[in-house]
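Reading through the structure tokens given below for one structure.
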Amino acid sequence: MSKEKFVREKPHVNVGTIGHVDHGKTTLTAALTKVLSEKYGGEKKAFDQIDNAPEERARGITIATSHVEYQSDKRHYAHVDCPGHADYVKNMITGAAQMDGAILVVSAADGPMPQTREHIVLAKQVGVPNIVVYLNKADMVDDKELLELVEMEVRDLLNSYDFPGDETPIIVGSALKALEGDKSEVGEPSIIKLVETMDTYFPQPERAIDKPFLMPIEDVFSISGRGTVVTGRVERGIIKVGDEIEIVGIKDTTKTTCTGVEMFRKLLDEGQAGDNVGILLRGTKREEVERGQVLAKPGSITPHKKFEAEIYVLSKEEGGRHTPFLQGYRPQFYFRTTDVTGQLLSLPEGIEMVMPGDNVKVTVELIAPVAMDEGLRFAVREGGRTVGAGVVTKIIE
């Protein structure tokens with residue numbers, strides 16, 4: 001049996017490193033690939049391979065990210081590491097690399113620093129469910145009490161942003177030593193301990209297919225003698241012929257029944273997460289449905305106009321605005337498949353204006369309701385040009 005085949009059978013989890021600049025996130029990423037490839041097979045990546053992160057685009061925004069993979073005894077991990085602080089902010093807000101759990105890297109020599117705090121805040125805002133801590137550069141700290149002090153500081157910081165700081169696992173080690181093949185406690189064993197902790201502390205995420213059905217509507221057709229067909233890509237769950245579904249967003253919510261599912265012009269019994277399908281709706285007129293609405297399992301999602309969000313505003317160099325904007329700013333918010341105009345009702349206290357390149361918490365009111373839940377991503381656009389990205393952090397009404 002080939003090794004590659006074996007990898008696929010383990011459950012898959014997405015993780016990433018977060019933390020202050022130069023605290024060792026990329027070194028730890030390299031150490032994870034080295035130590036685990038030696039133990040479980042797979043490819044090891046050198047520091048500079050990871051550090052030269054390729055650029056990718058998500059929601060019209062360019063982000064530099066490195067993707068590596070490794071496996072533990074129980075799982076297959078896909079791990080994302082970003083070279084610069086701005087890339088982390090953009091990555092977390094756009095959800096370009098969704099994280100089921102984050103590894104917070106803190107230098108034992110420096111303790112928590114401004115970006116440590118900022119990354120914890122962002123992780124909370126964008127819904128990263130769990131954090132484990134790797135207290136790095138422990139080989140540079142001889143004083144056991146100092147280590148304990150840093151550990152307490154990190155726990156307090158996590159607690160202050162509603163993560164369970166007291167229960168959070170903290171692994172003490174040196175990513176550099178592990179990379180050099182050091183077998184002492186802070187070396188390779190700390191990496192094995194970290195991944196074993198991730199295996200137990202990060203719960204297995206619910207698969208998209210097991211969640212309630214949702215499909216954003218991309219197009220609507222009328223087929224004579226058969227009725228109305230809507231097309232799109234199933235985002236989550238399963239749709240079966242005969243299922244009752246709701247049409248949510250833009251207008252009042254209505255109920256209908258799925259009377260047919262087709263893919264590649266073939267009729268199917270069901271469509272599932274990831275499929276591009278056409279869904280035939282019973283008794284629904286073509287003008288009653290439009291792009292921007294969603295089909296969903298009844299009661300699973302509701303339409304809203306007013307919400308809080310964390311947004312990243314593109315800098316001028318990234319093709320964004322050249323000037324700041326104020327409260328009352330009215331761009332379009334692109335949710336899933338359509339633009340909806342909205343207004344910035346409020347900015348954080350003491351912030352008069354938002355500069356290109358900033359990330360900020362805002363309250364938005366849309367002119368039409370959109371099917372949303374917390375964690376939904378969107379783009380901020382002006383006349384079709386992307387000027388920012390955001391994530392819904394709290395629904396107001």
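Every residue, even glycine, has its Cβ placed from backbone N, Cα and C.
Copied from Swiss-Prot, the annotated features are:
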BINDING   19-26, 81-85, 136-139  GTP binding site
BINDING   Thr26  Mg(2+) binding site
DOMAIN    10-206  domain 'tr-type G'
REGION    19-26  region 'G1'
REGION    60-64  region 'G2'
REGION    136-139  region 'G4'
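Recorded features from Swiss-Prot, shown on the structure.
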{"residue": "Gly19", "record": "GTP binding site", "CB count, 10 Å": "26"}
{"residue": "Asp22", "record": "GTP binding site", "CB count, 10 Å": "13"}
{"residue": "Lys25", "record": "GTP binding site", "CB count, 10 Å": "26"}
{"residue": "Thr26", "record": "Mg(2+) binding site", "CB count, 10 Å": "23"}
{"residue": "Cys82", "record": "GTP binding site", "CB count, 10 Å": "24"}
{"residue": "His85", "record": "GTP binding site", "CB count, 10 Å": "14"}
{"residue": "Ala138", "record": "GTP binding site", "CB count, 10 Å": "23"}
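DSSP assigns Asp22 (GTP binding site) to coil in the three-state reduction, placing it in neither a helix nor a strand. Through the fold, the region 'G1' (19-26) approaches residues 47, 50-51, 66, 81, 83-85, 104-107, 110, 112-116, 119, 136-137, 175-176 of its own chain, all at least 6 residues removed from its boundaries and within a Cβ separation under 8 Å. Remote same-chain partners of the region 'G2' (60-64), defined as residues 6 or more beyond its termini with a Cβ less than 8 Å from a stretch Cβ, comprise 53-54, 82-84, 87, 90-91, 94, 96, 312, 314, 318, 379, 381, 386, 389. As a summary of secondary structure, the region 'G2' (60-64) carries 0 helix, 4 strand, 1 coil according to DSSP. Among the binding-site residues Gly19, Cys82, His85, Ala138, the residue whose Cα lies closest in space to that of Thr26 (Mg(2+) binding site) is Cys82. Per-residue pLDDT, averaged over the region 'G2' (60-64), rounds to 88. Residues of the region 'G4' (136-139) grouped by DSSP class, helix first, strand second and coil last, total 2 helix, 1 strand, 1 coil.
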